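Some features that TrEMBL has for this protein:
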- 123, 263: FAD binding site (BINDING)
- 299-313: domain 'Glucose-methanol-choline oxidoreductase N-terminal' (DOMAIN)
- 587-598: compositional bias 'Polar residues' (COMPBIAS)
- 587-676: region 'Disordered' (REGION)
- 613-623: compositional bias 'Basic residues' (COMPBIAS)
- 650-659: compositional bias 'Basic and acidic residues' (COMPBIAS)
């Protein structure tokens, strides 16, 4: 099969699924669309039924006397969005906003287009309906860094950990019967299981041979090592927040879900209090009112877009577009995302018939994931390594390369042809904590015009230099027993832009990274806590308005962001309902084989923050009270300095490329470059 045939097959399947959607096979799973009239009033109006919005809608409507309106631009997830292995067919479809980045000649050199594709769900569940289903909480240090940046211990790991558990419903039998079970919730809405495929176990042994740990789980028992991945899958169904949080309460009388409606402006009174929204439904413009609050949960692109269209954002940018400035804030700055670079290995020779994929069992590929620690530290993670195991001669390889990531057809055809008759391991190095930042701005003052997204990938040279060490470390797999036994080789993709460079030398790796780097669609930071919203997620300079979604993360977490978004929404719901951060009265999460928590044992019923709120961690920071007194360039510099200083205090100082070290492989000599 060639690339063009694979792409045509994928598009044809998407068209067939769209036709199937007309039958509304999933209609009975979700709340019916509400009937809303101009001037209708609700206690809470939530804009965006995505990863956070569905959680908020559930939790806020738990109060019988409270009315909640959830407004979603899309509709119900169709059948292809419910079955895990059909994820590919949801991308760049009618379920997606189909945004693209501004042209980027740095990171798009080997892609078909110079503008990168953005995956953002226009459907109930948002990104959780289109995502790759990985459930990773991140590292405790991620949340302690948030707490330090905000000078607010209520966002520390000890304080947020109970909210992870609150949303979880672990269903994996092996983990449930292990000592790791206590680190998970078992009565929440979000079903979680692993896919313990035997094919991945032998690869775990290869990583173990490289001196990496292979624990059962890295969400609590440990936070580093290589494991079989935890997924948001249960009983053969994708656990989007739409399915997990809305389906069980679809008939709740005080919850109203308005579908296929687009909010285009936030309404304010004369005292700058948010009192409702203007929206379009069936080509009619109406206004709905909020008695208590308007909550934006529209994601890292649409939340900042709506704020700016409503007069909240950088003063100069808004004035250029003729928008009245209501609050001068650095909305759209601090954009962060995870990126990945894959190294393809040719593995076992095989002529066995291809195993059919069960669309309800697992994602498309068998995979294992590793959180790779820095040398000498089991709890400070350097990067993530995601490994996909692809059957020989599978069309799935072409889908991954040409459709999902959009690489040039020539590169994808080379990958397929060079690995014919052999299974393939795609080992993907993920930059967890990028130094590079992008920005989201308005294209115009019209909601119909998509926002401008400057991704900023590899803009900071330190990101590129880190990748040199990551790829060199990945190539050490060639020295393991498994890889030697199957005569594994790295596929030479014959990259034109890297011709003339010694294969896998440092200059070649830099070129390879610039060519192959791709987004993982984990977008955060554009309405960050500390600069745009406060630590209770209230928008600065106005009242009655919050933002609750990935855009409020001041710093990206060390893993796929879905778990953190669900936690954030669970916590936000309590802040909104009870008017403050509360103590869930949960036990501490103390990893068994990590040195992360070294403090003395305290009362199990009290999280650390409530026992000793004056405990010093690192320097506490305060953001300016009057943001309008600062220029946005100063904001950006302040944020950068704070993140840098906190990183130096709570982590070890970031190493340069030449200083990055990884465990040595015992009793195995490195291959010569000529052998690779």
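Here the Cβ of each residue, glycine as well, is placed from N, Cα and C on the backbone.
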Three-state composition of the domain 'Glucose-methanol-choline oxidoreductase N-terminal' (299-313), taking helix and strand from DSSP: 11 helix, 2 strand, 2 coil
Cβ atoms near residue 123 (FAD binding site) (within 10 Å, other residues, all chains): 28
Integer average pLDDT (0 to 100) for the domain 'Glucose-methanol-choline oxidoreductase N-terminal' (299-313): 99
